[in-house]
């Protein structure tokens, strides 16, 4: 046996040499496997390192900050019945994005960080991308060099230079920035990780022998399990099972697809000789198909109801009446995705809402993009099927497979998706792009006389991509930079203008926010959220009539828009149209049963109408729905205080402080009640605690001074009156009380004299 081993190894090497070596003509760096992986890891880290201290941006708010599934009080089991955003999968409003393992990693991040601190979330994303890029070295060595082993069973890397180049292209591709720098991109990263592990696990199932390949059922099943895990991170993960089957047919069984099609068409009896049965291909594909069908069935059962309901603004082409218009626009979207892979210069966080106007006629010049896409695809497919070079057929088919198959769930072919273009869904298809680019580079190198110039050009592309990644990562660090970066890319996107406006409004720059909200409404006259936010700002600026027009239009367009109904009620209340306001509030509550803010505003309306019982009931409802609703508690205490119900006001105040013990406004309101009830010591303690929490509130010092004044502590009263007047010289009543105290002190001094 020992004597035969070297001969067997030589035989394997001869088999490897029978096929053209992709590295032979490639002028590129040749590094040992360990160093190649270190270089890829380092460069992928440098591309996105500056995103580590970024904020939570865009979708991170809904998927992380507002997602109750991250908090310890939510049972872990709920993750399996909720979608990515924390809603029940059975709900009609659910997006049906089922990614429980991704949400679980967010939850672990949250627990270890002790709260919503984005650094830990970003670091994990960067580490995941580096890990995936390192795995790509092994994946590309198989896809570009084939699956060959030495006599000890160790896999040979027959394309070390090409696999390094392809892995670097993947690691530094700017289109990946959304997945790495945006925390929500964790779903794509985890999916890619298990996607690649499934592929490598499938490759591990095979061992080379004199007769060909033997395989392990265990590793085939393990690849199915890893594919299922990939799908539990993001839906695209299921496509690895199809790619494993393609790899098996082309690399393990070396099937010529064109020849197979011919034999099937002519019912050739020599099909057995094609290797379908002899090498166990049908058995393995049956395992993959059964595994995939089982996974999809379980996923369908968990999802419960039908597909998610998206709106026309999310994906306008899918709502077009004409099949021709739908088909032509879907194909245009594919060409734009291809262009983002080829030239990732124009990147945007959101491509919906008019960013890409619909093609409605063949006279539209953008038809050229479709023609170019299909010209290239058909050319590549013909070469992949008809080339006499088996090496070329294999690489092109694998490249096209990895480019197209992972993209299918986002293609609108099987179901409507909730976006026009999403850079994150190109993360996996970019593997196919890197294969095709590297193969093209090898062909050019073979023809080129000055190979070093070509190598320098590719190195230049890599350096430009590194810089582009760093720039794009910095734009993803804050919402302001991210939203503004989109204005030049998608100036027709109403959502971009809306988000810029919202960001400005959150920072208090209402004048600038109005401009962007108006532009959002101009670009999309049915954009109810922009109307609602613009109406809110106009309401605060006392431009009530225009605010009412906007909010009325918003609820007319979307009758179940609860927030707009509530805001319309607030405007109508300000215009003293109380009956209409009350009706608007109740309509809002009808559409959103648990709406504490609406109950709070309804209570304010009833208080203005002196309907005190109704006001107290409304505020009580607000606190039941939201126990930490400080304003509702405060208004209850103040109303009871003003109507002379001191005992009830005190009881409500104590109840509120038990629930919100550090709220200084509640301490202040309860202190006022206790002072009137002549519980001076307890009142003083609460006033001092409130002042410690908020020392610059003039009213806190003024009311404490009144307490001391009543209590007879005149020197302390004088001190706090003076502090109050220093903080607010126009404080109502304080100056009069201070003058009364001074006169009293003067009288006491005279008596004492």
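Don't overthink the numbers, they just go from 1 along the chain as shown.
Every residue, even glycine, has its Cβ placed from backbone N, Cα and C.
Listed in TrEMBL:
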{"type": "DOMAIN", "residues": "306-378", "note": "domain 'DUF1736'"}
{"type": "REPEAT", "residues": "494-527", "note": "repeat 'TPR'"}
{"type": "REPEAT", "residues": "528-561", "note": "repeat 'TPR'"}
{"type": "REPEAT", "residues": "596-629", "note": "repeat 'TPR'"}
{"type": "REPEAT", "residues": "698-731", "note": "repeat 'TPR'"}
{"type": "TRANSMEM", "residues": "28-49", "note": "transmembrane segment"}
{"type": "TRANSMEM", "residues": "126-146", "note": "transmembrane segment"}
{"type": "TRANSMEM", "residues": "181-200", "note": "transmembrane segment"}
{"type": "TRANSMEM", "residues": "212-232", "note": "transmembrane segment"}
{"type": "TRANSMEM", "residues": "238-261", "note": "transmembrane segment"}
{"type": "TRANSMEM", "residues": "281-300", "note": "transmembrane segment"}
{"type": "TRANSMEM", "residues": "367-386", "note": "transmembrane segment"}
{"type": "TRANSMEM", "residues": "398-419", "note": "transmembrane segment"}
{"type": "TRANSMEM", "residues": "425-444", "note": "transmembrane segment"}
{"type": "TRANSMEM", "residues": "453-471", "note": "transmembrane segment"}
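Listed by sequence, the residues of this chain that lie at least six past the ends of the repeat 'TPR' (596-629) yet keep a Cβ under 8 A from its Cβ atoms are 562, 566, 569-570, 573, 578, 581-582, 585-586, 588-589, 635-636, 639-640, 643, 656, 659-660. For the transmembrane segment (453-471), the partner stretch with the highest count of Cβ pairs under 8 angstroms, out of 28-49, 212-232, 398-419, 425-444, is 28-49. Note on the transmembrane segment (367-386): residues 257-258, 328, 331-332, 334-336, 338-339, 359, 392-393, 396-397, 399-400, 436 of its chain, located 6 or more positions outside it, place their CB under 8 angstroms from a CB of the stretch. Against the transmembrane segment (281-300), stretch 212-232 has more CB pairs under 8 A than any other of 126-146, 181-200, 212-232, 425-444. Between the transmembrane segment (28-49) and the stretches 126-146, 181-200, 212-232, 238-261, 398-419, Cβ pairs under 8 Å are most numerous for 126-146. In this chain, the transmembrane segment (126-146) lies close to the transmembrane segment (425-444): three or more C-beta pairs between them fall below 8 angstroms, excluding pairs fewer than 6 positions apart. Contact counts against the transmembrane segment (181-200), taken as Cβ pairs under 8 Å, peak for 212-232 among the stretches 212-232, 238-261, 398-419, 425-444.
Taking every listed stretch (212-232, 238-261, 398-419) in turn, the largest tally of C-beta pairs under 8 A with the transmembrane segment (425-444) is reached by 398-419. Broken down by DSSP into helix, strand and coil, the repeat 'TPR' (494-527) contains 27 helix, 0 strand, 7 coil. Helix, strand and coil counts under DSSP for the repeat 'TPR' (596-629) come to 27 helix, 0 strand, 7 coil. Under DSSP, residues within the domain 'DUF1736' (306-378) fall into helix, strand and coil as 36 helix, 0 strand, 37 coil.
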